[in-house]
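Visitor: Feature table excerpt (TrEMBL):
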DOMAIN    4-282  domain 'G-protein coupled receptors family 2 profile 2'
DOMAIN    23-229  domain 'G-protein coupled receptors family 1 profile'
TRANSMEM  6-30  transmembrane segment
TRANSMEM  42-64  transmembrane segment
TRANSMEM  84-104  transmembrane segment
TRANSMEM  125-148  transmembrane segment
TRANSMEM  168-192  transmembrane segment
TRANSMEM  213-238  transmembrane segment
TRANSMEM  244-265  transmembrane segment
Amino acid sequence: MASASAFGILNWSLTLVSIFLFLILFILFLKIRNEQREIDISLYLTMNTCLAGFLTSFSVLVMVSSNVFEPFLLRNIDFCYVFGLFYDIFECAIYYSYCLQSFYRLCRIIYYKTRFLLSWKFYRILILIQWLITIILLLPTLFLKWYIHLPGESYCLIPYDNLIGSFYLILVLYSIPLITMIVIYIWITRYIRTRTNIRATEKQRNLRDFTAIKRIIICVLILISLRFPTIAFIFYGIGNGHLFIWTYAIVGLVTATCLIFIALMSISMTNKFKKVVLSFFNGTNNQVQPRNGTNS
């Protein structure tokens, strides 16, 4: 019991850190938006990822709070099921938002002459479609009654011993987005290799976009690798007929770590965020440095 409480407090604290980081990103975004004249589509797509990350963090915080403090989610079991569905939708939206970022880079490299594919109006529609797709893909899990009150926990999710439900989530959350991004990566790679006579400015732009896609894929691969404990616990349950006692606590810890990683990578992979953060710290260092000179 003490170990479970320790896991809960640690998960709760890490989730608060992730929420704090996403709030900082929102503030940075507002600052950049007010200063720039043109709309930076890549920045808005990054904020779409951050919004999904923030909503996931908030959902985790609510579930962990119900676990650690007061089991308020269990007062209405139907609401508990729906809240579990929203958690999965928000998490799924993170990975699909990375697909949208990759698609934007694809259009910048291959279809750069088609202005419509590089317009903000087009990507506003795509962001809406991306969220609708995640809802449509995951909504059937609620009607199939896969969500239950997890034994020993005070929230509702699809249990890992529900093999069909678990593998469906793995397919929808991880496999489809990863395959999509790999296809985009291969598509761009082949396109660049077949192009020989291109201008230096175009080549430099393509290199930046191609590097951005590689970073996105690496980021997603790291996130999926961090999810390996989930898959390991599923197979543990298959082999032993029951789940490890701290399965959901450890997975919650991994989830909180992933959310912090997403926030930090959003800063690292976005030049405008990185410049604002570096300028802030450089300004702080300049303020604390003592002045050279002699006292009169």
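Sequential numbering from 1, following the chain as shown.
Quick reminder: no glycine exception, Cβ is built from N, Cα and C everywhere.
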Visitor: With contact taken as 3 or more Cβ pairs under 8 angstroms (pairs 6 or more apart in sequence), are the transmembrane segment (213-238) and the transmembrane segment (84-104) in contact?
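Guide: Contact confirmed: at least 3 Cβ pairs fall under 8 Å.
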Visitor: Report, as numbers and ranges, which residues of the same chain sit near the transmembrane segment (84-104): CB under 8 Å and 6 or more residues beyond its ends.
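Guide: Counting only partners 6 or more residues beyond its ends, the transmembrane segment (84-104) has Cβ contacts under 8 Å with 41-42, 45-46, 48-49, 52-53, 55-56, 59-60, 63, 123, 126-127, 130-131, 133-135, 137-139, 141-142, 147, 155-158, 169, 172-174, 177-178, 180-181, 184-185, 212-213, 216-217, 219-220, 223, 255, 262.
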Visitor: Can you see whether the transmembrane segment (6-30) and the transmembrane segment (125-148) are touching - at least 3 CB pairs under 8 angstroms, only pairs 6 or more apart in sequence?
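Guide: They do not touch: fewer than three Cβ pairs between the two stretches lie under 8 Å.
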Visitor: Mind checking which residues of the chain, 6+ beyond the ends of the transmembrane segment (125-148), have their Cβ under 8 Å from one of its Cβ atoms?
Guide: 44-45, 48, 80-82, 84-85, 88-89, 92-93, 96-97, 99-100, 103, 156-159, 162, 164-165, 168-169, 172
Visitor: What parts of the chain pack near the transmembrane segment (244-265), using Cβ distances under 8 Å and only residues at least 6 beyond its ends?
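Guide: Residues 3-4, 7-8, 10-11, 14-15, 17-18, 21-22, 24-25, 49-50, 53, 56-57, 60, 63-64, 91, 94, 150, 152-153, 157, 160, 219, 222-223, 226-227, 229-230, 233, 236-237 contact the transmembrane segment (244-265) from elsewhere in the chain.
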